[in-house]
Amino acid sequence: MSTAKKDYKRITTKSLIEMKSNGEKISMLTAYDYTMAKIVDTAGVDVILVGDSASNVMAGHETTLPITLDQMIYHASSVVRAVERGLVVVDLPFGSYQSDPKEALRSAIRIMKESGAHAVKLEGGKEIKESIKKILNAGIPVMGHLGLTPQSIYKFGTYSVRAKEEQEAEKLIEDAQMLEKVGCFGVVLEKIPADLAKKVADSISIPVIGIGAGGAVDGQVLVIHDMLGMNNEFSPRFLRRYLNLYEEMTKAIGQYAADVKSSDFPNASEQY
């Protein structure tokens, strides 16, 4: 297996499969607006996920369930306008694909047409197989999502690690293989044991991107607000914080407010 890194001017679904076959890890982060997406893309992140986690970090909801298709399209279109290199993947939100394959296709088409995104992501396995096939048959690239699927939080009752038991682990492997067979270009595995994630990654040729799934998969994804330390209340075991922006931003904004109160801002050099 080659470890030579290819310089991709534009990441495509084909690029990601090549990266896996060449042993090159895939980086993936969320973004929900133009400015953040521009920074993420300029930094060289391969895949930019417009996640339904916007429901949490942008709108303040406790779960991902409330965000609507219209809201996802708004966020996605903002991101797409900023991105020049990365592959933009958009979550189909809860309620936009679960009822039947035709609804799933309509939702996916709206995202692609109205935002200009490059692919969609759906949560689930065999239970949404027909919806995935319907979307793929329309020429829309699909990424799967298995393990802890946040849209099913009320079914699980907890955000704890999934697929610890043999039966659930076997189903997860079968679902991952099904996703590859029907034509998905990749799959996200969330919060499952590292050894199981490795088995999945080794059993399929499409990239496996982990979040809380160990280091033996083909790439990693995090929510950007979490890895930049913009939320002090969320600190799962899998999260590595690269900055403490909550503290730094609070300090900077506090200093600005103090400077305004004291008439220190603006000074003579900051006026026309």
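Cβ from N, Cα, C; glycine included.
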Quick check on the annotation: Swiss-Prot has Asp52, Glu123 binding Mg(2+), so which of Asp33, Asp70, Asp91, Asp100 does it put in that site too?
Asp91
Neighbour-count leader, CB within 10 A, recorded positions: Ser53, Asp91, Glu123, Glu190:
Asp91
Spatial separation of Glu123 (Mg(2+) binding site) from Ser53 (3-methyl-2-oxobutanoate binding site) - C-alpha basis, Å:
13
Which has the fewest other Cβ atoms within 10 Å: Asp52, Lys121, the binding-site residues listed?
Lys121
Calculate the distance in Å between the alpha carbons (Cα) of Asp52 (Mg(2+) binding site) and Lys121 (3-methyl-2-oxobutanoate binding site), and round it to a whole number.
10
Could you state the whole-number distance in Å separating the C-alpha atoms of Glu190 (active site, proton acceptor) and Lys121 (3-methyl-2-oxobutanoate binding site)?
13
